[in-house]
Amino acid sequence: MTKDSILLVLSCLGIVQALFLAVYLFTLKRGERKANIFLAFVILGLTIRVGKSVLNVYLDLDPWQRNLGLSGILLTGPFLWLYGRVLLAERKEILPKNYWHILPFILMAIGCFFIPNDGSVLAYGIYILVFVHLAIYIGLSFRIIYIYGAKVHPQRLSWYRNLSIGVALIWSFYMGHLAGIFSFYIGGAVFFSLLIYIFSFLFLKKHAFRLGKYNTSTLDKNMSGQLIASIRNLFAKEEVFLDHSISLETIAERLQVTPRNLSQAINENEQKNFSDFVNGYRIEKAKKMLSNKEQRKEKIVAIAYDCGFGNVTSFNIAFKAKTQLTPSQYRKKTSAI
C-alpha cells in the first residue's frame, strides 16, 4: 500500500468516525440534549470542511462542491460558541436571536453555486473571511473559558478547553497551509482524524459510564431536576452540610428518596459526587467566615470544624482545590481588600 493510500484510508476512517459521533450525539436522549446537539454540529461542520479537503486531493471537485465544503467552517464557529454557553455559562435557554449566527453558513450553502472558487482575488478574499469568521468564534470560546472557568466543574472546563484547542489547531493548520508554512495539505485531514479518535474515545467512555450506571433507574430528567432543586433548597435553608455526620443516606431519608436517586440527581445536574457537592457548600460558608472582619482572629481549625469538616487537613485540601488558595492565603487576600 502506497503512502497516499494509507493517508486516504486514515482520513476516510476519521471522517466516518466523526459522522458516527455526530449521529450518536444527535440521537442521544440522556444528559444535556441541547449541549449534545450543539457539539454534534461542531463535529459535523468540521467533517464537512475536512471531507472536502480529502475529496479535493483525490477528485476534481466542481467550484460549488468546494464552496459547500468550505461552508462547514461557518457552521463550526457559532456552534462551538453556543456549546460553550450551554456547557460552561449554563445558558440553558438560547435566545432566538443567537441563531442568527448561523446565517452566514445558510447563505453560503445556498449560494455555493454562485460564489466564485476559481483562484481569483475575490475567491481568495472569501476564503480568508471564512477563516476569520472561525477565528472570531474561537476567540469568543476562549473568552467563555476565561470568564466561567473558575465557576464550573474542572471536568467540564477541561473538556471544552481541549475541544476549543483542537478546533484552533485545525484552523492553524489550514492558515499555515494558506500562508505556505505547510505544504502537506492532506495533513489537516489526518490531524482531524487523530483528534476525532481521541475525542470519541473520551466522550463515549464518559457517557458509557454514566448510561451504564443509571440505565435501570426510574428517575427521568424532570424528576432529577425537581430532586436537585429540593436538595439545593435543603442545603441553602437548613445548612445541613454543617453536620459532621452528614451522609448520602441521611439526606435521602430527609427527602424521602432512595440514596441511588439522590446520588443520580447530584451526578447528572452538578457533575459531582455527594462528597464534592457537600464540600462545595462548606467551602462557600468558610469563605464568608474567613472574609468576615469580626471573625478575623478565629483559628482556621475552628472555622473548619464550624463549617462541617472533621479535620483541618481535609478542609485545607478541599479549600485549595476549590479556590487555588489555602484558607490562610484567602483570609490574607480578602483582608487586604
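Note: Cβ is positioned from N, Cα and C throughout, glycine not excepted.
Just so you know, TrEMBL annotations never went through curation; they're auto-generated.
Copied from TrEMBL, the annotated features are:
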DOMAIN    225-333  domain 'HTH araC/xylS-type'
TRANSMEM  6-26  transmembrane segment
TRANSMEM  38-58  transmembrane segment
TRANSMEM  70-88  transmembrane segment
TRANSMEM  100-116  transmembrane segment
TRANSMEM  122-146  transmembrane segment
TRANSMEM  158-176  transmembrane segment
TRANSMEM  182-204  transmembrane segment
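Across 6-26, 38-58, 70-88, 100-116, stretch 70-88 shows the highest tally of CB pairs under 8 A with the transmembrane segment (158-176). Shown for the domain 'HTH araC/xylS-type' (225-333): DSSP residue counts in helix, strand and coil, namely 84 helix, 0 strand, 25 coil.
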